[in-house]
Amino acid sequence: MVHQDIHAHRILILDFGSQYTQLIARRVREIGVYCEIRAWDMDENEIRDFAPKGIILAGGPESVPLPGSPRAPEIVFTLGVPVLGICYGMQTMAEQLGGKVQGSDKHEFGYARVDIVGKSDFLAGIEDHVDGDGLLSLDVWMSHGDKVIELPTDFHILASTPSCPIAAMGDEKRHFYGLQFHPEVTHTRQGLRMLSRFILELCACEALWTPSNIVEDAISNVQAQVGKDNVLLGLSGGVDSSVVAALLHQAIGDQLTCVFVDNGLLRLQEGEQVMAMFAENMGVKVIRVNAEEKFLSRLLGVTDPEEKRKIIGRTFIEVFDDEATKLQGVKYLAQGTIYPDVIESAGSKNGKAHVIKSHHNVGGLPDDMAFELVEPLRELFKDEVRKIGLELGLPFDMVYRHPFPGPGLGVRILAEVRKEYADILRRADHIFIEELRRADLYHKTSQAFAVFLPVRSVGVVGDARRYEWVIALRAVETIDFMTARWAHLPYEFLETVSNRIINEITGVSRVTYDISSKPPATIEWE
Ligand SMILES: Nc1ncnc2c1ncn2[C@@H]1O[C@H](COP(=O)(O)OP(=O)(O)OP(=O)(O)O)[C@@H](O)[C@H]1O
Ligand SMILES: O=c1[nH]c(=O)c2[nH+]cn([C@@H]3O[C@H](COP(=O)(O)O)[C@@H](O)[C@H]3O)c2[nH]1
Ligand SMILES: NC(=O)CC[C@H](N)C(=O)O
Ligand SMILES: [Mg+2]
């Protein structure tokens, strides 16, 4: 039984376009409190109805002194709840409450030490250093050009640096606070404590957002939504759909049927593993559809990445549709949509973000679709999805496996997709992953895979000339997949993988390692 509404104690985060806004939300969730990110121009009535226990104004690239720059809705300051402004959020708060902000194109970026000034509820007991005179200071991370140069009415300075005298400010009565630095990044050593202080003490939120509460809540919501009807779930064996399968299996048992589509673009033995795990071990109803022929024939002659993605997306839906028709009486389609998918597709809808690539499961659903959607992970970040996967009893290895995109090898063959290329790539990928596991490097990288390059290159294997294809290896480290650093894998390790791929796969004469980070490259090659 869920005795308390786990969404009741909630924080609203208004986004001014900073890259760190998602990070703030993840921190708030880590603290155990539900939060949502909304655009800075959220409707005032909606803000009232949202009923936040506190509001965070996040950072942004714009400059408060410039005409037309965004402002927080006035209601933020009249609702009677605590408000925390971070960077741009602090600057607009200062300006809107009667202070002054000075623009500058001189950027202050990186580590700074700020001195704590006076006493406040907000920073009491939070410090990194105490010098001989009892002066307290904090190690923080800054990224700004503009700064607040006059305090708004009733505010005091809480922290200061020589170049930024108002580095933190507060109005203790209303519990309005502003930080010029970023508490959400780990380089601000006490950042999490500051956010906890704000959320748990000043906003008086209870930490109800825990994995077991999330699971209980999701189960009862799904039961209420679907009643006695049947649900179809596209199961890929990836983290998100697997967690949905486990969750729905607990919630509605036999009303769930999963469809696993073998599109011919999967990793080696993927199908067998999915069937073993779900159908045999967990007793979930899984239909395995062999649609290799269908996918590959439609992809024949197609080389444009976006076109491939669209064909694959459409074909998936068609297969789900066919299966649902065969099953009859299926009213709901379940999906593993997670919160970043929702935020990012909203971004592209508002025209604020560019479409870099069309993800096959977002925005790809036909308007006249006969199903209603069940998306129990819609509010969760990937790390939360993983935690509830463990809570639901899925094995660690399944929950912490690398993501694998729905279009699969289709976007890792940089050419027309042919079965012979897919077969080569599958084997190369398998060797790479096997070696990563053997060297205990799999969980030290966030995602790793091989890419098939349609280039022939000369080699010599056992005195014989070879004129064959090139395989590129890609491995990245990332937390949120929005930015990523190429993984600095040991040379000896890369050597082992390269030797195995060239020696064991006759169609390959050369292996390269991708050393591009995201941005400017993306993780996948197409
Ligand atoms: N081969 C497949 N068969 C059935 N459904 C699939 C397949 N591939 C993808 N899907 C559907 O598309 C959704 C999105 O794919 P995506 O790869 O983003 O998620 P995932 O596979 O569940 O998790 P992960 O991101 O860890 O790979 C999945 O949740 C699943 O519903
Ligand atoms: O389910 C998916 N359908 C897709 O169409 C898709 N495209 C990219 N990805 C995955 O998203 C993450 C970021 O990838 P990019 O840096 O290439 O955009 C990486 O983890 C990619 O593997 C996809 N996942
Ligand atoms: N990170 C931020 O929010 C930056 C705010 C503002 N654009 C500045 O440069 O000061
Ligand atoms: Mg996947």
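Glycine too: its Cβ is placed from the backbone N, Cα and C atoms.
According to TrEMBL, the protein carries these features:
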ACT_SITE  CYS87  active site, nucleophile
ACT_SITE  HIS182  active site
ACT_SITE  GLU184  active site
BINDING   SER236, GLY237, GLY238, VAL239, ASP240, SER241, SER242  ATP binding site
DOMAIN    209-401  domain 'GMPS ATP-PPase'
> Is any of the recorded positions HIS182, SER236, GLY237, VAL239, ASP240 within 10 Å of CYS87 (active site, nucleophile) (Cα-Cα), and if so, which, in sequence order?
Replying inline: HIS182
> Rounded to an integer, what is the Cα-Cα distance in Å between VAL239 (ATP binding site) and GLU184 (active site)?
Replying inline: 26
> Mean pLDDT for the domain 'GMPS ATP-PPase' (209-401), as a whole number?
Replying inline: 88
> Closest to HIS182 (active site): which of the binding-site residues SER236, GLY238, ASP240, SER241, going by Cα position?
Replying inline: ASP240
> Does anything in the same chain, at least 6 positions from ASP240 (ATP binding site), have a Cβ under 8 Å from its Cβ, and if so what?
Replying inline: GLY336, THR337, ILE338, LEU377, LYS382, VAL385
>> Near ligand 4, meaning Cβ under 6 Å from any of its atoms: which of the recorded positions HIS182, SER236, VAL239, ASP240 fit that description?
In response: SER236
> What are the non-local neighbours of GLU184 (active site), defined as same-chain residues 6+ apart in sequence with CB under 8 A from its CB?
Replying inline: TYR20, LEU23, ILE24, ARG27, ILE86, GLY191, LEU195
> Which has the fewest other Cβ atoms within 10 Å: SER241, SER242, the binding-site residues listed?
Replying inline: SER241
>> With Cβ-Cβ distance below 8 Å and at least 6 positions apart along the chain, what are the contacts of SER236 (ATP binding site)? List them in sequence order.
In response: SER242, PHE260, VAL261, VAL274, GLY336, PHE404, GLY406
>> Near ligand 3, meaning Cβ under 6 Å from any of its atoms: which of the recorded positions HIS182, GLU184, GLY238, VAL239, SER242 fit that description?
In response: none
